[in-house]
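These features come from TrEMBL:
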COILED    94-131  coiled coil
COILED    219-317  coiled coil
COMPBIAS  1-22  compositional bias 'Polar residues'
COMPBIAS  475-489  compositional bias 'Polar residues'
COMPBIAS  490-502  compositional bias 'Basic and acidic residues'
COMPBIAS  1069-1088  compositional bias 'Basic and acidic residues'
DOMAIN    611-660  domain 'CFAP74 second Ig-like'
DOMAIN    679-762  domain 'CFAP74 second Ig-like'
DOMAIN    767-879  domain 'CFAP74 third Ig-like'
DOMAIN    885-979  domain 'CFAP74 fourth Ig-like'
REGION    1-25  region 'Disordered'
REGION    475-503  region 'Disordered'
REGION    1069-1094  region 'Disordered'
Amino acid sequence: MDVSNISADLSTSYNSNVSGPQEHTDVEGTLEEIFRFEDGFSDGFDSSEWEVSDGENKTDADGEMRHTDKIHTMKLQKTLAQLDMFYQQKKLNVLQAKEELKAFHLHVSELEEQRDKIEEQMENEKQAGNSVPLFRLRAQLKRVCAELQAEEDLGDHLEMVLKEHELELCQVEVELGRFLDLRQELELEEKTIQSQDQKTQKLRFQREKRVIRGRRHKAHQDEIEREKLLQEQMDLQKKQQEQALASHLKAAVYLKQTLQRIKQKDAEAEERKQELLKKRKTAVMALKASYAATQESINARKQRQKASEQIQREQEQQMKEWLEARGMNSTEHLHRLKLQERHSKRNEEFEEKRRARQMEIVAKLLLERNEEKHKKAPAPIHGKKQPGKLLQDILSSSEHTKREQRHEVLSPRASFVSSRSDSISEVSFSPECVEMKDEDDGDMSLAQPEFTGLWEHKHTDYMASSDENIELETSHTTMKTKLNKSSASKAEKKTVKSRESKGPPFISKPEVILFKDWEVGRIYKKKVTLTNVTYGTNYCKLIGVSDNLRDHVSVSFEPPGPMSAGMACELEAIFRPSVDVDLDGVIHFQSAAGPFSVPIKCSRKKCEMVVDQCFVDFGTHVVGQTVSRMITMTNRGALGTRYTLTPVSSLQQTPVSGKTDVEMPSLNEEKAEITSESPIRGPDEVLMADPESVETKVMQSTIEPPEISIGQASEGEVGPFMSVRVPIIFTPTIPGEAKLDFQITFSQPECEPIDISAHGVAESVPVWVNNPNIDLKICTYDRLYQDGIQVQSRASTALRLTFKVCKEMRNHMSIQPKTGLIQAKSSFTAQLKFLPRPSLYADAKSFFNEDTGVLEVPLTVQVADQVKPVLFTAHAVVTSSDLRFDRSEVDFGHCSIYECVQTAVRLTNCSLLPQEFGFVGIPKFIDVQPNDGFGTLLPSQSMDIYLIFSALKAGEHNFTLTCKTSINRDFQLCCRAVGVQPSLKLSDTVLEFGDTALGDRRTAVLFVEDQRPTQTHEPTERLFTFSVPEDSDFTIAPSSGRLLPGQRRLVQVTFSPALSDDMIKAEALRRRDESQSDRQQTDSKSKSESPLTVMKDQISKATPANESSFHSWSPADIQIDSSEYLSAKASLLRSFTERHVRHLVPCFTSTSDTTEEPRHSPHETLHVELRGLAVRPALLLISESGHNTLHFRTLAVGQKVVKKVIIQNISSQTVTLSSSLLDVNGPFSVLNAMRSIAPEDKHTLLIAFTPLLAKKYCETLEVSCSQMTLELTLLGEAVDPIITCSHEGLLDFDWVPENESTSQVFRLQNVSSVDVQFSVLLESLCPSEQKLSSTAAVGVQNYSGLSVFGVSPAGGVISPAGAADITVTFHPDHRSLHYRDQLRVQISSMQTLCKLELRGSSCRHNMFVCGGDPVDVSYESLIPSHIYTPGHTHHQESTSLLLTLRSEYQEGKAIAATRKLHIGCVYSCKTSTKKGVEFMWENLSAVEQQGFRVTPAQGSVDAGQRRPVTVTWTPPAGLAPNAVVQACAQLTVKGEETEFYRVTLVALPDEQTAL
């Protein structure tokens, strides 16, 4: 900066300050402290108060300094400060020049000395005759002389520079002298400004006070109104609370009792549940072992059966060959042998079963006799009809039977057992015979568990079918009517409620107590819940059960007392069956609203048999084939039975006329469609038969077997809830219709027989088509397809054939030749030609489906002398060969000549056949992808064809693309585009980034260039802006800018891949669901049922539902800093493979016209394609919750904080870490070194933050390896600690007896916003610092060597707005007047906050005398004085005091001199009494003669007080000016001990005043 410029600025500022316009602006301001407590005032108030108050100050505004004057004053101050700095700079330059000149002279003198030494050495060497070192010395001398010459030139330059600097310094001093007056004026103006500001602030403060008073008054009125409203609300709430408390106390009593009962029942239920679970586990293991053994036995049985069948087949084959060799009919002979073997075997089985049957008959007779006795037993006491018989009186037996048939349902358990025993996995039902209908509880099965008596305690009761419901409802109504009559007198006494309920007062859940499939001798329990459904309080009392149930059913019921509406109670029904009969009855209850009852139904084990179909239709088949159909018998009851299939009528056959011919399908088709099914018998199926059926079958075995017969499983046993499949075989031998009716009978008398009918037709034709279904596959329009038709004949003569095509298909299909002759037992081949035309649908609508393209044409072969023709069918799927574009015209729009425009066209294959295609004749400026426009389209497949247009020049482009198929069909696509040459150009249109790890970044650069010529008349700027998609991994900087013609700008593109929050939250939700699922599976395993029970429950559900429904979580439930979020992020980083990222970023351009908003032109929009590959990172940051930003807390200047950063290697290779350099002068530093990390190992970085200045800090630390770089952002802030001390200066402890102590406390207050560490130091305890400081800071110390002053605490930390109390203790161990020390308080930055001077005195006893002149030194030896004089005692010594008085002369007269001594008495902890001291002066007469006067001469001092003694000296007349008067007096002080003081009084006049 030049001095002339600064002077010019000062002159200009001064002139403008003097002559500028005078303006005035009031200083605006608010008093925050005043309004801080006025938040409750309303914001709206009248501003007239302010306007009035402002008018009062208008008179003083003219005399105040204007705002512009203040601004000019500030500018002058700034300029003068710059001038002062300039002066200091020039002064510093002069000093530096002088130092350089001084160093120059020193260096020159050294060189001269070195030259003299070299010359001297040369003389010595010459004299010695040593020529070798002489050359070396000459070279050194030459070099030193050259340096001297250069230094002389440099010295001249330095002297010239020094003179220039001195001249500039003088000029600056002259300039400073010129503006000395201006500086004084500025100081006066500053004072004037301060006084005006104070005046303005005072006036504004008065205005604000007036406004506040008004607002306070208004707020006070509002507060009174609010208090009234609050009081009214409190009164209302108090009443409501009292009412609610009263209601709560009433309900709490009943609720407490109910909760206790519920807890007790839950505990009991849990115990029973655990016991039941243990039993079930044991039973499951036993069942599993039994099942495995059964499977082994079944497999062994099957293997043995297969071996026996193989041996039997071999024997039959040998027998057949032997019989054929002899010319006998082997088939007939073998069949007769089988019949004989079967007959003998059945006779043996019949004899064995007859004896078992006789035993069963005897058992049944005994059972019937017992039932008759039970029926003849006396009737119940009430003498009323049982509820079970009421329904029989109302409904006829036929209706009851029909209802049972209508509700026949195949048990799910039976299906399961059947599927396990048979090889077929599904059980088919005939809708004509069986109708499925769920029970009331559709989710449960009526099947009895495998382990009888181990039913669950908490179960769902089974509901009966519709007929049982009717029966139970009827019985319930009858019982209710009779009970109402018996208790009418009680009901009349009850008060009538305002609202009466309809129906029973209590409802039970379940409505009917059902015990099903029970066994005699076992005990069954079931819980029932009774709910009060009346509108008032009711009670429930158990009356009893029906008479017929008293010996079998007992009820455990505890009356709950009065029950409110909706309350429920429980009872337990216990069923102990003793006879095997069905029981029905009710449980009677009495309530306030009348009696009611709960029905009970006990159903024993029964056998209920159903079949899936009652009519078996084999259809029409050719003679010689064997067809099998299966009938499935299912036992829905819990009681097993034996079954027998017996034919009811003989086989009925209706011969077919020989003239009727039926076509014979090919052998391959027949084998595929119709096969005989051999039944597989389960382990529980045993062949059993009745004697009557055995006799019938024996009679039939002597004749030929019928065409419809029953398979080997014609008799057997069906277990509970099991199914058996019985085969029915149709083997036609002659053409005609065959029928057979047979009956299925069962061993259980309660099971009615089931009638089954079978029907089949056999046909035989002489001529047939080998392939009755000619499949032409897929055909396209206007193309010819051919196939052969082969006709076979079994006739013994030649036959004439005529092929006929329906007239609708004659334009599309033909057969050549139309007529032919087939020879006997030969074949004939014709040619079928099919040429579909586009008019196929219009010509043959009945044969062709246009939607599916399926064509089915019936064709006939007419045989001569045969009424029924041979029918066959031609099948084909007709499709088109078109290729369809999704649009007829493609408009590329405006395309830059520097870029490519890509659009997608969807090409669809409308045909059902694959088609090859290719784009031919493509222009140079267009590219077709993929595969350069060639490919194959599958049926109905669509493919996106990418058309890439690259304009070679600006202008319009209209062209046509041709797509050609393999069948030489052309499909055209019209295209158009406009080429544009933009004013801006990108150096690269595609930027590819290498493998970048998540959390790392890579950078690339490109240039945006304005290609317009620079020689334009009016150069205008071009604006550009890159629009990067949101949540993109790419960033562009700068994203916008301006360019002049011919100018280009660098743009930086950064690729920094990262995981999105949505992805991390989705992973967190998935992990949460998995953990919940695992936890639920663990719980379900511990509480799982047996496998059979679980399978039974799954099969019995009509509509299966997922019971384990999870709570639906949302991503908003996952917090970013939660552990789930961080673990999900780490999991994704570890499992991350790679991700390709591609973005097409547009660059919009526009003109920079300032008259209107910039508008970009879509025709000149540029594009840059960004491609990157994100890979799994090698380093994972574990600490700081995975965040890359380390926030150090706000610290005080000088403090140090260390943070740990944990980095883990998640790659499969060992990596070597390295870090970037931090600022050496900055506060951040890395404390440990980098090292190599093995896979899955961790490394901990120690980063320290030690700020030295109060400001915010931010640095970036890069931890890198060969795969990636991990950036860590270090943030920290430092503030200056502000601590105030409550005491400053001197801290005097006064007098303290020796070996006693006293304390004083001062407080340190932390006003700053951070924690501040402090330490309290004593100068006596800092020897190194004590040497540097003044020796007067530390005084006498204790003889023990310890410090006489103690500080507690010696250091600590003060929290923000906190305080610390420092206690200073004074504990002397000997008498001294010079105890002193210095206390320093230092904070963490080693800054001394304050210094306190500590002083104290000590006396041997409780009295002291002070106030004299010091007669001893402030330092003492630490060795006590009594060590050298052991025989000398303390009370014999006298203490010397010196008191010097100086008299002054005023106006020639001497003025009396006055001094004071203080005699004090201190408290001592050694004595319990508070005794004072007495003092007395002796030998005062001699003292008074010298002009001294002591008052008082004697007196007393109370404990804790001190008393002054005044000594006055009046110079006697005629005293010489330089004379010294001296006198001695004895002072005796008596307290605990007596002390003597020798007081020496020295008086002298003041020399100066005396002269």
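Glycine too: its Cβ is placed from the backbone N, Cα and C atoms.
Just so you know, TrEMBL annotations never went through curation; they're auto-generated.
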Long-range Cβ contacts under 8 Å made by the coiled coil (94-131), restricted to residues 6 or more beyond its ends, are 137-138, 140-141, 144-145, 147-148, 151-152, 154-155, 158-159, 161-162, 165-166, 169
Count up the helix, strand and coil residues in the domain 'CFAP74 fourth Ig-like' (885-979) according to DSSP, in that order. 3 helix, 61 strand, 31 coil
PLDDT averaged over the residues of the domain 'CFAP74 third Ig-like' (767-879): 89
List the helix, strand and coil residue totals of the domain 'CFAP74 third Ig-like' (767-879) as derived from DSSP. 7 helix, 63 strand, 43 coil
If you run through the compositional bias 'Basic and acidic residues' (1069-1088) with DSSP, how many residues end up as helix, strand and coil? 18 helix, 0 strand, 2 coil
